[in-house]
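To start, the structure under review is shown below, and the notes come after it.
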Amino acid sequence: MHRFVLALVVFAGAAIVWAADDAAHEEGVEWTGKPWMGKWESDPSKDENVEEFKKKLQLPMSHSEMNKNSKVWIHHYKKGDEYHHKIIINDAHYKNDIVFKLGQESAGSYNGSSFSVKYEDKDGALVGSVHYTGTKEQSLDKTINNVFKLEGDHLVKTSTIEGVTMKRHYNKRQ
């Protein structure tokens, strides 16, 4: 009985943490309005050229803990006039919420690495770039061009850096 109660407490605690981190419970959050908005879960079996892309990226943020079967969750939502691009990779212990306004450059950072993003909505796709400038110790000048586009009922992210392109396919989460 003691193990059951302990397991129940751990499960309930994890559920509370997950719910508290979920923007769906925040007032004023919009999950619809653009085809690419919503909660998305990657399907690693459909990924294309991810390992080659990670090699070209050569950043601390390239998530060395990830393997080819690691799932990536993306939450695209709007709060006020700001959009959020939240990335969650549990295998890599990575979580980042990138906040931006369409058509404007926004600064961001993670784990000491600085970057800027600029996204636009073009014909129902989220199109833009992420420019990495590096850390205090290591200056970088790398730009990733991203397109998030709905294909049928799946979101496809196409990313290109220095001539190397990867595709990641996402299924809509409820």
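Including glycine, each Cβ sits where the backbone N, Cα and C put it.
What Swiss-Prot records for 1-19 is signal peptide. The region 'SAHS-c1' feature in Swiss-Prot is assigned to 30-60; the stated evidence is a curator's inference. The region 'SAHS-c2' annotation in Swiss-Prot covers 77-105. Per Swiss-Prot, N-linked glycosylation site is recorded for Asn111, and the stated evidence type is sequence analysis. Among the features that Swiss-Prot reports, region 'SAHS-c3' is placed at 118-172, with the record citing a curator's inference.
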Residue counts for the region 'SAHS-c2' (77-105) under DSSP, helix then strand then coil, are 3 helix, 19 strand, 7 coil
The mean pLDDT across the region 'SAHS-c1' (30-60) is 90
Per DSSP (three-state), the residue listed as 'N-linked glycosylation site' is coil
